[in-house]
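Novice: Just passing along the structure, written as structure tokens.
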Amino acid sequence: MSEAALDLAPDAGAAAPPSWETIAPPAPGELLVVVGPTASGKTELAIRLAERFGGEVVSADSVQIYREFDLGSGKPTPAERARAAHHLVDAVDPLQAIDAQRFAELAEAAIDDIRGRGRVPVVCGGTFLWVKALVLGLSPAPPADPEARARHRAIADAEGRAALHARLAAVDPESAARLAPNDLVRVSRALEIYERSGRTQSAWHAEHGFRERRHAARLLAVHRDRAELDHRIEARVAGWLEQGWVDEVRSLLSRGYGDARAMGSVGYRQVREHLEGRLPADELAPAIVRATRTFVRRQRTWLRDQAVAYVALP
């Protein structure tokens, strides 16, 4: 591939990470949280930990939570769900909007339920804003406003998403610099915060500081070397396409789910572009791989600032 392969490693010169089997059971009240980039093996590690410690998995994935969005979300298979119960997978209707705050509320309820039955919750997911919301809470910025979101969507539809992103850049360049123009939901949210409060999203985040933990959490991730992770991404995309991903998206669009938040996620967005004639068939898989790798780079940026214990997993 033309771009440099990806790496998920604690340090290029570090010793090999320990086996996942060395992970100690959680202390009382401690929350095990499996993080890591797409295709690194989070689901398998979470299931093994649940099997080992008598636990259940709580998904922290902003696409897996929706029903109908199956192949391209990497949902656990029926066989995997038979090994460990999963929460917040196939939990809500595709057109229901779930943000980080609502996820944290749902996850807290699931964690309380699991612990109430004497079992161990294992959080697993690559939507790191959701993980942060659960572990650290969110900044006290103004709550979401559906009217503002609808207004911003109308601007994006009429003038293009780049135009909405430019509006954000004019008032909050720091947020605009970290958000892709196509990320309509997050661009709209950042712009909405400024419009409603007169302060940038970055200023709200700086004020919060995210220093007081709501949970004593231990972050775990699977170590993958560059070539291995790159291969896993390509194989995953190819496999999903062979299993009928295009047909799944075609069905979703035909049933009125074109405005579902998950339809704008990596992979689903590219398949939709293909079905709408904007992306040739022979360019579909490479486009999804490129978008996935871009997303993984953003995930890795977040991981670099966290205290993550890396383990080896076959």
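Easy rule for this one: first residue shown is 1, then count along the chain.
Including glycine, each Cβ sits where the backbone N, Cα and C put it.
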Novice: Among 61-64, 77-80, 225-228, find the range that Swiss-Prot records as region 'Interaction with substrate tRNA'.
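Specialist: It is 61-64 that Swiss-Prot annotates as region 'Interaction with substrate tRNA'.
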Novice: Helix, strand, coil: count each for the residues of the region 'Interaction with substrate tRNA' (61-64), based on DSSP.
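Specialist: The breakdown for the region 'Interaction with substrate tRNA' (61-64) reads 0 helix, 0 strand, 4 coil.
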Novice: Give me the Cα-Cα distance between Lys42 (ATP binding site) and Thr127 (site 'Interaction with substrate tRNA'), rounded to a whole Å.
Specialist: 12
Novice: Here the binding-site residues are Gly36, Pro37, Gly41; which one has the lowest number of other Cβ atoms no more than 10 Å from its Cβ?
Specialist: Gly41
Novice: Looking only at Ser40, Thr43, the binding-site residues on record, which one has the least crowded Cβ, with the fewest other Cβ atoms within 10 Å?
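Specialist: Among the binding-site residues Ser40, Thr43, the lowest count of other Cβ atoms within 10 Å belongs to Thr43.
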Novice: In Å, rounded, how far does the Cα of Ser40 (ATP binding site) sit from the Cα of Thr127 (site 'Interaction with substrate tRNA')?
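Specialist: Just about 14 Å between their Cα atoms.
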Novice: Fewest other Cβ atoms within 10 Å: which of the recorded positions Lys42, Arg149 wins that one? Let me know.
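Specialist: Least crowded of the recorded positions Lys42, Arg149, by Cβ count within 10 Å, is Arg149.
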Novice: How many Å separate the Cα atoms of Ala39 (ATP binding site) and Arg149 (site 'Interaction with substrate tRNA')?
Specialist: 31
